[in-house]
Amino acid sequence: MAKVLVLYYSSYGHVETMAQHIVEGAKSVPGVEVTLKRVPETIPVDQARAIGVKVDQAAPVATVDELADYDAIIFGTPTRFGNMAGQMRTFLDQTGGLWMKGALVGKIGSVFASTGTQHGGQETTITSFHTTLLHHGMVIVGVPYACSGLVNMNEITGGTPYGATTLAGADGSRQPSANELDIARYQGKHVAELANKLAS
């Protein structure tokens, strides 16, 4: 049985929502065990609450060492100036021990993201995230154009061949659209299917 981890950081709930739909897609694949976890918050709780960060999230906090237990990891992060959020970077910067052991070599790595604006760095966030995964020897998986939501020209929408994305709006008021959530589910299903093949 393939084991898939959906691991995310979410400030205001947009990436959390995307993660939940990625889990839904992954769970639609028979013979796959799917786990949803988040990385630790690095902002002190009182300060985080004061700026509107969604501190209370149902997903348990992951540990670095457990990453080696999964056949595929789908990472989710909001964008910070075209890069992953500092909380995710801090977590990944602790994976040196896993790198030394080659613990993630051959495992699937996939990424999804959220930005405040339509051209706010979704693709650079995901592709720069890939650099870390490649250093770990992971096999990168995105979202193929077999996913029809990628070519939706009828609305402003996230979604790239590099991974599912959503647009939060500058004030965070926009929630993931139906199309964006469909792409997220597709990514989860696609990764889970490939993880099953690699694990067999």
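The backbone N, Cα and C atoms fix where each Cβ goes, and this holds for glycine too.
Pulled from Swiss-Prot:
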- 4-191: domain 'Flavodoxin-like' (DOMAIN)
- 10-15, 79-81, 114-120, H135: FMN binding site (BINDING)
- Y12: NAD(+) binding site (BINDING)
- W99: substrate binding site (BINDING)
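It is 30 Å from the Cα atom of G13 (FMN binding site) to that of W99 (substrate binding site).
A Cα-Cα distance of 27 Å separates S114 (FMN binding site) from W99 (substrate binding site).
Here the residue listed as 'NAD(+) binding site' is positioned 15 angstrom away from T117 (FMN binding site), judged by their C-alpha atoms.
When the binding-site residues G13, G120 are compared by the number of other CB atoms within 10 angstroms of each CB, G13 has the fewest. Mean predicted confidence for the domain 'Flavodoxin-like' (4-191): the pLDDT average there is 97. For T79 (FMN binding site) paired with the residue listed as 'substrate binding site', the C-alpha to C-alpha distance reads 25 Å. Cα of G120 (FMN binding site) to Cα of the residue listed as 'NAD(+) binding site': a distance of 17 Å.
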